[in-house]
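The block underneath contains the structure these notes are about, expressed in C-alpha cells.
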Amino acid sequence: MKHVRHSTPSLFLSLVHVCLVQANYAPYFFDNGARSTNGNMALLSLSEDTPVGTHVYTLNGTDPEGDPVSYGLAYEAGSRRYFSVDKNLGNVTLIEELDREKEDEIEVIVSISDGLSTVSEKVRILVTDANDESPEFINTPYIVQVPENAPSGSSIFKIEAVDKDTGSGGSITYFLQNIHANKFTIDRHSGVLRIKTGVTLDYEKSRTHFVIVVAKDGGGKLRGDNKVFSATTTVTVNVEDVQDTPPMFIGTPYYGYVYEDTLAGSEVLTVVALDGDRGKPNSIHYCIVNGDEGSFEIGNTTGAISVIKSPNQLKKEVYELKVQASEVSQEGDISVYAFATVTIRVVDLNNHPPTFYGENGPQNRFELTMYEHPPEGEILRGLKITVNDSDQGTNAKFNLRLVGPGGIFRVVPQTVLNEAQVTIIVENSAAIDYEKFKVLTFKLLAIEVNTPEKFSSTADVVIRLLDTNDNVPKFSSDYYIARIPENSPGGSNVVAVTATDPDSGLWGDIKYSIYGTGADLFLIHPSTGIIYTQPWAILDAEVNSKYNFYVKAEDTDGKYSLAEVFITVLDVNDHSPEFNENIQEKTMIIGSPVKIEAIDQDAEEPNNIVDYSIMQADPANVFDIDQSTGEIKLKSYIRSLDIIHNITKNKDCIWSVVVQAKDRGSPSFSTTAVLKIDITEETLHKGPMAAFLMQTKDNPMKALGVLAGVMGIMVLITIMISTAMFWRNKRSNKIMPVRRIIKKRQIPQSRTIRMEWLKFKRPSNAAEKFVVEDDAKSLH
C-alpha cells in the first residue's frame, strides 16, 4: 500500500508536466516603432560617428506565461559583429566602429528566449552619414600641357574630386591657394581650371607652373560638431613652346545665352580668331569639335554660332562647345589651329528686378529709431526687410550692399538667390554718434550679378539716433592762468573757465566747482564758471603771491573733467621804505664812508627798489650820498678836520643830515630821517684793540658785549682746570713727594713775568700745604 501511495502522485506530476510543455507559448518582442529606443531593433538608424561603447538600443519583449526572458544577437557567416547585448537586460552596445561609406546597412539576427522557446528575427539597421570623409582627387597626378599661346581666360583642365559623404558634406567647391600670385583661376563648382583673364603664358619666362588646388566639402556634423574637410593637390602646368604663331581667339572666354523666346536659327554669339602672323595673315576656318550635341552650328568663315533647335527642345541648361580655329594657307592647307570653349547657357527671360518688401508688402523706405553707440555686432531687429527676385536660376542671383557712410553697418547676406531676409549689423559703434549725426541715411542696393540687364532696385534706410550721456565735460584748456592786483576788493572776478559737453538735455548741463589747498580765498559760479575772490578775502602779494587749485566740470550723471588754475597776485606799491633803527647816529672817519639802509616790504620790483638822497644839511656842500647803496661820504676836497673847522663854527664836528629813502613805485612812497654824523680823524693808536674801539664808538653796547664774552670764557677755563686738579688729587691714596716734579717744571723768571696776568688763584687744601712744606724742607 505504501508503494502505491508513493507512485500515484509521481505519475500525476508527469502527466501535468507533459501538459504544460504542450501548452507553452513562445516569447515575442515588443514592436514600438522605428523611432523607439527599445523593442526589436527594427528600422533602427545609427549615425556612423556613434562612439564605440555607446548604449544604442534596448531589446524588449515578454513571455505570455510571464517566464523570464533572455536576449541574443547573431550574425550571418562572414559578417562583422558590430553589437553586443546584455542577455538579461537587453542593452545593446556598439562594439565596432561604423562606416557608412563601407557598409550602410547591417543585418542582425535578434532573438528572445524563455528557456523553452526561442524566437529569432532578422532586422536591418541603417547607418546614417556623418561628415567624416575628406574630398579625394581622382586621376592624379595632374599634369597639363598648355601651349604658350593659349588664350587668356581659356579652360585648360578639369579637376575632379569626390567626397563619399552625402548631403552638404558630400558637396565640393574648389579654390586655389595664392590666387593672387599665380596665373590661373578655377571654377569653384565645376573644377575647370582656366588661365586668368588678362594673363598669358610665356614659355621663355616660365616653362612650368605648379598650381595648388584645394577641394573643400560643404561641412556637416561629426560627433556633435560642425566639421569642414578639405584636400589639396598640385596641378603641374607645362607650357609648350610653339614654333610659329597659331591663331588666337579674341574675347575669350565666350559666353552665350539662349532665352526662352529665342527662335531656331538665331545667332547666339560670334567667336573671333586672328592669325598671330599679322604681316601675312591667313584666313581662319571655324568648326565645332564637340559639345554641341546637334543643337548648335558655326559659320566656317564668320565664327557665328547659331542655335538650330527651339529652346524647349534643348535638354541641358549649359552647353560647352569646343570650337577649333584653323589657319588656312593660300594653298588651301590647314596648318596650325587653336581651340576655345564656348559656354552657352539656356535661361529664362530676365524680366523681374529685385524687389524689397516690408511687413505689409513692397516697400522702398524703412525707418528705425535707436540709441547711439549700440554694441558692435548687434542686429538692427527693428528693420523687417525682405528682398525677392521672381526670376529663376542666375537671373534671380543678385548682390546686396549699403550705400552711404562707410564702415558703420554691414548687410547680410551679401549675395542672394531668389529671396532672403535682410539683416543689418552694427560694424562701427563709435561712428554711430548722436553728436555727429542725428539721422543716418543709407541706400540699400540690390543689383543682379550675372545678367546682361543688371536689373537693380534701391530702398532708403533711415536711422534716427537718440542721445545718451556718452561724453565727458571738456575744458577749453588744460590749465588757466590769471592775474589779479593785491588791492582788489573781495568779490572781484579773477578768470572765467569754460567747459563744454556735447550731450543734449540735462546731460549737457555743467556744474563747476573748485578744490585744492589754494582755493580757500576763491569761489566759482556753478553755472558760468567765473572764478572770483571771497567777499572777505584780502590779497597780499607780500604774504602769498601764487595760488593754484583745480576746477571741476561735472554733468548731471557725475561725469567730470579737471583743469588746473594758476593765479598770480600782482604787487601794488603799498609800502613805504623804512630805515633801520640804528640810523640816528653815525661816526664817520675822514676818508671812510658811512652807510644807511632802508627796506621796502613790497614784493616786486620796482616797488621795492629804494633810492637815497640828502634832503637837507647845514652847510650843504659837505656830504655826497650814493643813490643806490646809501653810502654817505665827505666831499672829495675835505681831507682833515681843519678844513671842516674852516667850513663851520661847530667845533664838535657833529652834523644833522636829513636823508630820504624813496621807492620807484607808482605812485612813489618815501621816508625821511635825521642822521647825526660825528666826524673824526683816524686814531693814532694802532692795533686791533684800537681799531675795535673806533668801530664800536657809535655802538658802546657792542663793546660791552664783547668784553662780557671774553670774561665768561676765562671763568669757564678756570673752572675746568680746578675740576681736573681736584679729581687728580682725589684718586691718589698717598702723599707723593713733589721734589722731582718741581725740578722738572722749573720756569724761567722772564716767562713768569710775561704770563703773570694769566695766573689764577687756586683753592688751597691741607694736602697742598703739606706738600709745600715737605718740599721746602727737602730743599733746605
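Placed from the backbone N, Cα and C atoms, the Cβ positions cover glycine too.
Residues annotated as domain 'Cadherin' in TrEMBL: 45-137, 138-249, 250-356, 362-475, 476-579, 581-690. Residues annotated as signal peptide in TrEMBL: 1-23. The transmembrane segment annotation in TrEMBL covers 703-727.
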Secondary structure content of the domain 'Cadherin' (250-356), with strand meaning DSSP E or B: 3 helix, 57 strand, 47 coil
Helix, strand and coil counts within the domain 'Cadherin' (362-475) (DSSP): 4 helix, 58 strand, 52 coil
PLDDT averaged over the residues of the domain 'Cadherin' (581-690): 79
Tally of DSSP helical, extended and coil residues in the domain 'Cadherin' (476-579): 7 helix, 47 strand, 50 coil
